[in-house]
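Colleague: Sending over a structure as C-alpha cells; questions will come in a sec.
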Amino acid sequence: MRRNEPLDWWRAQCTFRGLPHGGTLPELYDRLRSGPNVMTKELVELEVKANAEWKAKNDLAEQEEERREAIEEEKKVEKAVRFLKSTFQDDKMGPDIIVFKKDSQGVVGAAASLNLVCWTYNAIPAFVSDDLSFCWIIVGRDKCAVEAKYLALRKEDDDRNAAEEKRREAEAQAKRDALAQKHALVARSSGKGGVWDITGTWRITCPAIESGWPVQNLTLKTYRIDGKTDSQMFAEFDFGIVSGWFRFEGSMPRGVSGTQKGVKTGQKRKRIDEFDVDEDSDEEEINEAFHLSPKDLPSLKQSKWNYRWRGRETGEGEIQTNSDEKLNPITFSGEGGAELHGTFECEYLAKCEFNGFKIELGNPREASGISIEEKWRGLNESAHEYGYRGRRRR
C-alpha cells in the first residue's frame, strides 16, 4: 500500500468507496485494507454521467472547429482564385507560370477550380530561408511549362547539394591533412635514442564502435610517471560508449595473467557494503605488474604491451565491473612509436580492434598531478555498489 500520500488523498479514497473518511492515517489505512475495493454505486453513476456530458461537449466543440476551419479554407481558396484569375485569365500577357514559395494557402484548390496545371515541389530545407515554406507550388497554363520549371528547380537543388557535399568533403580533407601534418611532427619528436615517448594525446578509430553508435572523436591520453625505483604508465580513454582508465603492465609474455606473477587484480574481490575502502580492500587493489622498471620503456624491441581497464558507460555513468580481469594487448609502431593498434571489449561490445595515432606530445607536469591509484579505486566494485544504491534512491 502506498504510504507517502497526504492525508486528504487517503480521505478521498475512503469517500470513493463509501467509507467514513474521518480519523487518523493508521485508521484510514486499516479501513481501506478491510473495506471494499470498489467505488460506490452513486459515484459510478456520477462518473458515467460526467463522461457522457464531457463527450457531448467535446463532440460539439470538434464540430465547431471543423466548421470554422472549413470557412477559413474557403476564404483562402476564394482569395487565391481571385489572384490566379487576374494573373492567368484576365491578363493574357501575364507569366506562363508562378512559383509560390510562401503564402500558398488555398492555391491548390483555386488552381483546380480554374483548370490550371498545379505541381508541388519539396525544396531541400537546408537551402530554404527561414521566411519560406519547404513545399513550393508551381501553377501555370501549360503542363510542359510547369514541368520544365519543376525540373529546373530540382537541378538547382541538385547542383547546390553537390556543391555543399564537395565543400564538406574538402573541409574534412583539410582537417585530415592538418592532423596528418601534426602527427608527423609529433612522431619525429617522440623517438629519441631508440626509445619511444608514447605519452600524449591520441586520435582513436574503432569501426565496431563508430559504426554501431553515433559517436566520433574517440580519444586516448597516455601518461608516464617515473620514480627512482619504479614507473607507471596509464591512460585516460573516451571511446564514446565507455570512458575510464587504462593501466599498462610490464613486458611479460602476452596471455600471461597477473595472477601468475602474484598479482591480485583479476582475483575475485569480496563485496563491500560501504563506499569507504578499508585496508584489506586497499591491498586487493595493488597490482605489482602496474609498477614498471624505469628502464621498462616502449621501443622497437619492446613494442608489445598489455593493459587492463576500468571505466563507466557514458549514458547512466554505471561502472563496468570486472572489466580489469581481462588482459588486453596493445602494440606501438611507426616513427617514434606514434601509432598504435589494440583490442578492446566491454559489456556492450564483443572483442574488437582499434587503431590510433598521436597528435600531441605528453606533459610530465600534467601526469604528476594525477593519482592513478585514486582513479582506479574510484571505479572498483564497491564504488559500483555505492553508485547503484544512489541510482535506486533517485
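Think of each number as a place in line: the chain as shown, counted from 1.
Placement of Cβ uses the backbone N, Cα and C atoms for every residue, glycine included.
Annotated coiled coil per TrEMBL: 53-81, 153-182, in sequence order.
Walk me through the surroundings of each of these features.
Modeller: If one looks beyond the coiled coil (53-81) by at least 6 residues along the same chain, the residues whose Cβ comes under 8 Å of a Cβ in the stretch are 105-107, 109-111, 113-114.
The average pLDDT for the coiled coil (153-182) in the predicted structure is 93.
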